[in-house]
Amino acid sequence: MEGKVKEQKRHQQKHSGPKAERKKLKKQGGTTDEDERKRNPKAFAVQSAVRMAKTFHRAQDIKTKKHHIPLVDRTPLEPPPVVIVVVGPPKVGKTTLIRCLIKNFTRQKLGDICGPVTIVSGKRRRLTFMECNNDINTMIDLAKVADLVLMLIDASFGFEMETFEFLNICQVHGFPRIMGVLTHLDSFKNNKTLRKTKKNLKHRFWTEVYQGAKLFYLSGMVYGEYQTQEVKNLGRFISVMKFRPLVWQTSHPYALVDRMEDLTDPESIRTDPKCDRTVSLYGYLRGTYLKNKCQVHIPGVGDFQVADVNFLPDPCSLPDAQKKRALNEKERLLYAPMAGVGGVVYDRDAVYIDLPANHVNQQQEEVRPTTELVQSLIDTHATLDAKMAASKVSLFSGSATLDPTEEESLQEKHVWDPNTQRNRRKVVFAEEEEDDVSSTTDDEYGDSEQEEDEDKDNLSEFLKEARAKSEKSAKNVTYTPPVKRQKLEKRKEEGEEMLAFADSEDDLEMSEEEESKEEGEADEEESDDEESENESVEEEDDADDTVKKQTESEEEEEQEFEGSVILFIILLFLSIGALQWKDGLQQKASEAFLRQQEAAPNLRKLIYGSEASDSEDEDKELGGLFRVSRPHNSTKFQANALDCSRFNPDTFHDWDLEEMLNSIRDCFVTGKWEEGQDAATLLKEDEELYGDFEDLETGEIHKGPTEQQDPAENDEDDEKEEAEESQMKVDDDEDQKNKRLEKKRRLKERFDAEYDDGDATYFDDLKEEMQKQAELNRTEFEDVDDETRVQYEGFRPGMYIRVEISSLPCEFVTNFDPHYPIILGGLASAEGNVGYLQMRLKKHRWHGRILKTRDPLILSLGWRRFQTIPLYHIEDHNGRHRLLKYTPQHMHCGASIWGPVTPQGTGFLAVQSLAGTKANFRIAATGVVLDLDKSVTVMKKLKLIGYPYKIFKNTCFVKGMFNTLLEVAKFEGASVRTVSGVRGQIKKALSTPLGAYRATFEDRLLMSDIVFLRSWYPVSVPQLYNPVTSLLLPVGQKDNWEGMRTLGQLKHDLGIRNNPNTDSLYKPLVRGQRRFNPLHIPKELQKALPFKSKPKQQQPKGKIPRDLQRPSVIREPHERKVAALLHALSTVHNHKRKKAHMVQHAKHKEFLQQKEKQEEAKLKRQKEARKKLYRVMGQMDQKKQRSSLKGSSQEN
């Protein structure tokens, strides 16, 4: 049974049916749709013109909705890194996501993420990740520079207030691309609940961003990281995403600072720790071009003038343009100086190499020369700089030595940097250190001189000792291959010079023959040097000894100097890559040498009489890369040799000779400079290019060279034609046919492009025009070097710049926190001024309270965050701007502030407080800038109240409204009103009492009337501009900035209570009874009135006389008992009757229901009976009709 395999049921193909028919037709070579359209074209015609029009309109609407206003593409050829801001509430997974994305792109793990992290994600794209903490200041700043926002949402909790706050900030400052990321999905145990939560969050996210916005799901974590495939998918979306330029970003230069250095003089800091600092900020320039000496704003610090701007080599450069699909490991760069990652840091003054110890002590399969060399440098205690500073150089034999301390020299100073938490090697100049140098350093320098005189070590021996130390310290970590270590030990035993830096193991294993040759040559050179120097120096044997020592020290110093140069170049190569410097090294070195020789005059030849020619055999090679030049015999001359600086009359040139003329012929315009660039060739090409032409002045016609060709040229042309004909014969006919068809097709496409409009629309023309403008911008300075371009157009976006700013507050450096972003925002020429701004403002619908006029408000406008006092107003129908006490609930209103001048149309948002996190929505209002002047005059309504004290018919004297005659004269002719609505006008002032006036009214006033005058007076805008300096606060308190407090906050903090206005308090109203006079109608009027309206003569009823009043009956006790008994009996009787009535009512109700059912059944029976009756009657009628038809047919 086991041997038998059960056969699977075979698939039975259909031989009939529509599917089989379609397959048969397909085999026969025709499609059913095309055949049906050909056979029956009317069936596929337009069935409904209305439906077709609707379909067409819908398609056009969808197409038009995708259109945007085309903008000129100003992105440079090497764009700056894309700024990706990771936003979300606390503990939602922001840092973990950044770590996973960095690991996905660069294969590296990053510990603490501080500041911007820049990586190379592809051949044409770099990314800068920045984490946004839960601080409203950081949210506002990063929303202005973000290109892409990764919005993390805790799916187990739902949306939090920070998410909506950041979305509203983005809506105001230009909406970047936003992608949602759902985390904590592994907390859902029920799959149905998970799907429902995803759907709800997705639709809510679409409501806030746009329909169809991308939302990623990170389903869970594995070993503290998100799943690799999900992170990879997210990285792919980020890598291919396109970005639309935002108006504010493209019109202003800005940089997200990724490194900060304090350049202040240490002596100034020592004398005054609170002095202003000079700081250099580094970052990629974005937006538009930055001019030197311009004005910039640092959000959280203030406005500053740029002292100097330089561009530096790109620390995270894009890979070379090569046709390949992916990046190799060397090109996956990571640059994060604030996080302590970046390898080599470039500066204008120095190059910093950062190699943490944990990277070197790791177990590695192979030892890279870069790591070994740098580790040996780290382990050394004495530096080459110190030895060079202590050495002395003699230019001529027997001359005085030059002390390097007399000239300006570079020295090193170890400084502990609290910001980066590491030792920094600071370069200190001699002038700066004159005051700080102590006597101990002089002693050390003297000791080092004695040591150098005694020792005859060179660069290779120094590196050998350093490597030996590093091997001793790393004995427990066995990462060196055993073969290489044996060879190194062997070289140590022989006492030979080791290579400091070699290309491979083959270079390290030099043959003994070459080494012995080099040693012999070096000995010969030393002996020759001593002999030549002994000849040139006078006097005694003691002098000979001193000369020997001096020459030996000079050789050692020369070797040390060359070794330091080699070391610097090696360190520079470390920053470039592992072995990238090897490509074409010999060719590069020769080209550099030739350029140097061509550019600079040969001073050595001028001084020593002849140029030294060091052969390759005499030079000593270091690592197959550098050659250490040794002194040669020919380079030494005797003291009585010929002075080459004098003119020698014997060496004159005979310019009559043809040879001498030919030697300088090529130095002139008519000479032959290079192949194909002599004058004759160029003139010939010009004639061939322009051909025949007519001289307009003389009328002479000059013929081109086409008619006068040489026979040799004709022969060459004939040979070419014969070769082409033979080639055409060899070609197949099919290839010729294809070529002709291709040529025709290209000609037709060119013709169609020139003469057919096609489907080109205005939108396409506009896009083409923008494309041409972008191409023109790109090609204008394409061939100019960067130094010249910067002078004309400024520093272009994409450059890595160093901005030096002086007079920064010291708190910026001392309280520096890399977790908070530093943005360098460039300002236009007018944006540095402060003035009046007119805005349109609306209170945010989610903010809890309305805003009050003259309450200080914190605005985010442009790059700035500042506090000001706004005045809210609204425009009336007559154009007057009326002051509002509070903002309207669901309407826009105007606002006037005193603040920095910002271009019109710039959006802003308002926050009432920045201190701490509140439960409610923090964004108080949003709006836009309208005007930049004081054209709007805000008016406030003022009611003046007066009281009449004399009344003459319609004229009245009013007092209490004004205080002087001058005030009354100013308001003559103004309209006044009373509370009851009687209108009047001010006529003239009265002499007494002061401020009284005469006014006329429409009707007679009463003494109880109150007269008021509605007037308007202008309100001045308070001039308060208080920048938010949150970055100057101590670490940990940067989100607790407090500015001016409102009046309510002041009273609350100080415990002040308002004294209530007594007139505003509620009191019990006591109204006296009013007596109205009787209505009096004149008798004449009564006669004219109809009877219905005439007053009736009705006598009022008087009191009833006592005799007509009925006396009250007083019952006796027995009667009271009888009455009580009767009352009780009647109560019982009424209760029984009521109960019986209820029972009867229930029975009657039931009876009615039964009767209704019976009625329904009866109606149903009657309906059925009627149906039967009608059916029988219909049948009888049909029979009659049939019989009548039969009878008529028989009669016929």
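Just so you know, glycine gets a Cβ as well, placed from its N, Cα and C.
Predicted automatically and left uncurated, TrEMBL annotations should be read as such.
What TrEMBL records for 1-44 (among others) is region 'Disordered'.
Residues annotated as compositional bias 'Basic residues' in TrEMBL: 7-27.
Summarising the annotation, TrEMBL assigns domain 'Bms1-type G' to 79-244. Note on the domain 'Bms1-type G' (79-244): its mean pLDDT in the predicted model is 91.
Feature annotation from TrEMBL assigns region 'Disordered' to 424-559 (among others).
According to TrEMBL, the compositional bias 'Acidic residues' annotation covers 430-456 (among others).
What TrEMBL records for 457-474 (among others) is compositional bias 'Basic and acidic residues'.
Residues or ranges marked as compositional bias 'Acidic residues' in TrEMBL: 503-544 (among others).
Residues or ranges marked as region 'Disordered' by TrEMBL: 697-741 (among others).
Summarising the annotation, TrEMBL assigns compositional bias 'Acidic residues' to 710-735 (among others).
Annotated region 'Disordered' per TrEMBL: 1086-1113 (among others), in sequence order. When Cβ-Cβ distances below 8 Å are used as the criterion, the region 'Disordered' (1086-1113) is approached by residues 1079 of the same chain, each at least six residues removed from its ends.
Annotation source TrEMBL lists compositional bias 'Low complexity' at 1090-1102.
Positions annotated as compositional bias 'Basic and acidic residues' by TrEMBL: 1104-1113 (among others).
Annotation comment: TrEMBL describes 1175-1196 (among others) as region 'Disordered'.
In terms of DSSP helix, strand and coil, the region 'Disordered' (1086-1113) has 3 helix, 0 strand, 25 coil. Per DSSP, the secondary structure of the compositional bias 'Basic residues' (7-27) breaks down as 10 helix, 0 strand, 11 coil.
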